[in-house]
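Pulled from Swiss-Prot, these are the features on record:
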- Lys10, Phe11, Ser12, Gly13, Gly53, Arg57, Thr161, Tyr167, Asp170: ATP binding site (BINDING)
- Gly52, Asp73, Thr134, Gly135, Asn136, Pro137, Phe138, Phe139, Thr140, Thr141: UMP binding site (BINDING)
- 18-23: region 'Involved in allosteric activation by GTP' (REGION)
Amino acid sequence: MSKRKRVLVKFSGEALAGENGFGIDTAVLKFIASEIKELIENDIEVGIVIGGGNIVRGVSAAKDGIIKRTSGDHMGMLATVINSIAMREALERSGLEVRVQSAIKMEAICETFIVGRAQRHLEKGRVVIFAAGTGNPFFTTDTAATLRAIEIGSDMIIKATKVDGVYDKDPKKFKDAKLLKSLNYEKAMSDDIKVMDDTAIALAKDNALPILVCNMFKAGNLLKIINEEEAALYSVVK
């Protein structure tokens, strides 16, 4: 019997806002839930990390000096908890079993992150959503996602974005931008390529964790990527 694949999918908070640019678009939640359900139905174990930028970004909140950076980051962590609860509701409504685990204790709302418990949930076919980042300021949710992926023994981390993958330059500004199907960790950390922050990429490199970047709004693409189908559209950093 072949080993089941285990993946961690990272969604940005901004993506949850849809066209509104702020808050949570329930139509986006419903779409993501259908994509995750397809993975579970194909015997794939799924962990999720969601950013909080649709509600508040720690760096932006601290920009004018009124709010300290540490407080801004704590606000950002709480924003990820809000998004995680919303995602849990959408996934449960689609018929899936879900657990939210927070890096910060809030027992009345969700479980506290314990790696062994998270792994057991995954083995039982439950989706696990990891909230509150790493629990520490100055670390992005990309770094938190990479850390959790390594801790749970994920085969890969998938960064689900609004574009088809990693380009050699901004495809919104340059019509001749080219999609890079594969690139190494060093290239991914270069100034002209923005995949994740350098801390997240360095962590992935040190642990040989592949980073796959794809468009979250292409139906069925997540499953195609995990199954390594030719029709899958994504970039891989390894």
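Glycine is no exception: its Cβ is also placed from the backbone N, Cα and C atoms.
Ranking the binding-site residues Gly52, Gly53 by C-beta neighbours within 10 Å puts Gly52 at the top. Least crowded of the binding-site residues (Ser12, Thr134, Asn136, Thr140, Thr161), judged by neighbouring Cβ atoms within 10 Å of its own Cβ: Asn136.
Between the candidate binding-site residues, Lys10, Phe138, the densest Cβ environment within 10 Å is the one around Lys10. Residue pairs drawn from Lys10, Phe11, Ser12, Gly13, Gly53, Arg57, Thr161, Tyr167, Asp170, the listed ATP binders, are separated by up to 25 Å at the Cα level.
Cα separation, Lys10 (ATP binding site) to Phe138 (UMP binding site), rounded: 18 Å. Counting only same-chain residues six or more apart in sequence, the Cβ atoms lying under 8 angstroms from the Cβ of Asp170 (ATP binding site) belong to Ala177.
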